[in-house]
Amino acid sequence: MTTTDPQPEDTHADATMKITVNPQRASTLVSNLERVASRISSAAGARPHPPRLVAVSKLKPASDVLALHNPPTSHEHFGENYVQELVEKSRVLPRSIKWHFIGGLQSNKAMQLARDIPNLWAVESVDSEKKATLLDKGRRSHTSTTTASTTTTDATTTIEPLRVFIQVNTSGEDSKSGVPPRSEELSALAKHITHSCPHLRLQGLMTIGAIARSKATTPETENEDFICLRESRDALAAELGVAPEDLELSMGMSEDFEGAIRQGSSEVRVGSTIFGERPPKKDAKVLEDDGESGDKK
């Protein structure tokens, strides 16, 4: 696979300018986001640092992302599940967006993901040392390319390490990826990232819990998956010799994010509650048919 050359900033800006945002659609999205933000604030209570909201824009057009990234919300953190869709969106949307990759990570896409998206903020689905190593190599390649393309006056520019979350399979379901909770595998992967991947930063742990547990969660009950992730984080922090709060918890989605926050989540990933129901993957487009070209997903 050949390395993608960095896109000139003026070309990138031109691509963004071609995206048309429907005012009525934008108004709906802004209202949805503000309602979710209000619910997050209420669930967080007096916590000094409210959880981060990742708006999951998977299978939604770039215009939806731009509508929320523009004022008045100026939202920054967006999540995607498919590498190719994320690469395409990153090429036409502002570099000020902080992208999170939250989907299943394939080894053959890991280097491309870390290399080709300059504003990739985090990869949240790392579940093996092999994938961590490939992400590290991709980030190193991106850093080298960026350094080589800077002018003399910008030669001191550095690319910060890529944040990664280890995905933990707290429910034990065969259909879900992730390392077992409180396991030697989890410990070994965390140590590999911190000691052998200089271009990565271990940000925390992530889980996608069982749907049945999410639906059964009430203000009076705790979700077993969230308890499991929190306990795994606490044990791992002790083993690594860091404070528990130094490792974030990415847990909670549209169905259960308030319960996750009450149980200590640092970040929630909310999609359909903000963007509405998703189209079939075969019908989804990055750019809509209003004179713009867009590849089907």
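Even glycines carry a Cβ here, placed using N, Cα and C.
Residues or ranges marked as compositional bias 'Low complexity' by TrEMBL: 143-155.
The annotation compositional bias 'Basic and acidic residues' is assigned in TrEMBL to 278-297.
According to TrEMBL, the domain 'Alanine racemase N-terminal' annotation covers 32-279.
Annotation source TrEMBL lists N6-(pyridoxal phosphate)lysine at Lys58. Lys58 (N6-(pyridoxal phosphate)lysine) falls within neither a helix nor a strand when secondary structure is assigned with DSSP, and so counts as coil. Taking the Cβ of Lys58 (N6-(pyridoxal phosphate)lysine) as reference, residues of its chain lying under 8 Å away and at least six apart in sequence are, in sequence order, Gly79, Glu80, Asn81, Tyr82, Glu85, Gly103, Gly271, Arg278.
According to TrEMBL, the feature region 'Disordered' maps to 134-155 (among others).
According to TrEMBL, the region 'Disordered' annotation covers 271-297 (among others).
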